[in-house]
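J.: Below is one structure. I have some questions about it.
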């Protein structure tokens, strides 16, 4: 039967990327009867890219009930809602609100929420946040507040959740130029909200919320109608005298044909899938080219060399070796710092499996978008549970490299990476606390993470290391000479840094386009949901990393450079250097961070992301090369 691999992969990408959002068993919908209370929850205020800023200017989030905003509070004070571990780590701080919403009850008249007096100090704080395009984040029945839009190319209706939109209807406020000339921009506060709720019903008895739309506006009137008429005044906050602000809202219900099970389809809209297709096809071309190149080397050059070596008469007194066979007695010599190398491979294996399983769960729909923070929670849990595999890989590699200090190996594998990440995150968290950001991780959450890492991951690492110790080392196909062989100077392109940078171009190029969307999701608050494209891209990057590392290692061995262990790690992880460089370019081109806190936060998170990528791709390169070198030297006869 004919089998067209590229076509099958493209079909799988379409299936994964365009599958409708659905809910797993246990995620039951909530039915409302007419008159039932529908809660509106408020989340943190986040900086966005909007009319006032062409680039993101801050990474600092603020609680909705931050004292300086002076928003209306419910009777008895706001109550914090329960959140998952991942939701807290991503900066969510969800509270109840004083908005009174009842199923199927429209507000024909403007409802006054409260009237407050904003001091000049708070007015200055709010105006600065408006200039930085801070946006409101509301939740109703698990759905985020959104703006209805139409895709100009496909004509499909979708809900834009306020990120990179042209109107930014959920911003804290807007900026206006009264004279429409080059004058000082005046910030105005949005203090009125038209809330449009979409519902679906089959029997006119039970109603379900399937969409949330909000249209904000600014009105300086302190009494009467809240309608903003032409020529009316906007709410401008004075920074010299106190300003009276009246917050108002209006609720309207609208029937929709969207079913509850598919209500997220309107939110998860792939705006221009051709960009993702371009990225995927580009990655496929690179991976195919590399596989063909490596196959030609293995089947033509290596097979020819093996046949030549094996056909030589071993009874002759003098046997002349050449090429990569010259270093057969050195290729498995113990490298420098075997402890560090084995710990790196163990942690890289653990991270790689965590990413792989998380992507599989995302593709199968286990990470529903209605469960906020589920992605981060699942990643933390899987990383903890895969501690045993990390300990197993680290111990076996360490034993194969001739190591003897196994207790130190287990201790460093279990503690080195968590401690490194914890120290950096703790320092960044101190910056967030100093800036008064709601994104600062609470002490209780930090304690939970410490327990996960050291109380669960640690023992599992010890168990995995014990099993790896019992399995023992991986035997080498050739012996190691007692006296090391001299190494001739390698070509320039095979020197460590040159080889790392050159080899990293191809894996980075395979993921370049998709990387833009990932960085936008991490650093620009843009939702990312194309896990089908991301999974296929990750597979292609892994394949590309493995093949390019094997290729460069073959060139190294032919140049009589037998110190391939660390070279394989740095060649495999070469894409991390390009990732770091691209992150800096992204900072310069897409961001405009004004405060030192935001700059340090961005660089800190970018550095952690680059380190994780280096551990994963470096481990893939090392393990692939180890397998290829063993296969290569086990196929020849050595005297």
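Numbering starts at 1 and runs along the chain as it is shown here.
Quick reminder: no glycine exception, Cβ is built from N, Cα and C everywhere.
Quick paste of what TrEMBL says about this protein:
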SIGNAL    1-21  signal peptide
TRANSMEM  277-299  transmembrane segment
TRANSMEM  343-367  transmembrane segment
TRANSMEM  373-398  transmembrane segment
TRANSMEM  410-433  transmembrane segment
TRANSMEM  445-467  transmembrane segment
TRANSMEM  501-523  transmembrane segment
TRANSMEM  529-557  transmembrane segment
TRANSMEM  569-588  transmembrane segment
TRANSMEM  600-629  transmembrane segment
J.: Top stretch among 343-367, 501-523, 569-588, 600-629 for CB pairs under 8 A with the transmembrane segment (410-433)?
T.: 600-629
J.: Rank 501-523, 529-557, 600-629 by Cβ pairs under 8 Å to the transmembrane segment (569-588) and hand me the top one.
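T.: The stretch I would name here is 600-629.
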J.: With pairs fewer than 6 apart in sequence excluded, do the transmembrane segment (600-629) and the transmembrane segment (343-367) have three or more C-beta pairs that lie under 8 Å?
T.: yes
J.: Do any residues of this chain, six or more beyond the ends of the transmembrane segment (501-523), have a C-beta under 8 angstroms from a C-beta of it, and if so which?
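T.: Beyond its ends, the transmembrane segment (501-523) has Cβ neighbours at 56, 59, 275-276, 278-279, 282-283, 286-287, 290, 493, 530, 533-534, 537-538, 540-541, 544-545, 548-549, 552, 571-579, 582-583, 586, 590-591, 602, 605-606, 609, 617.
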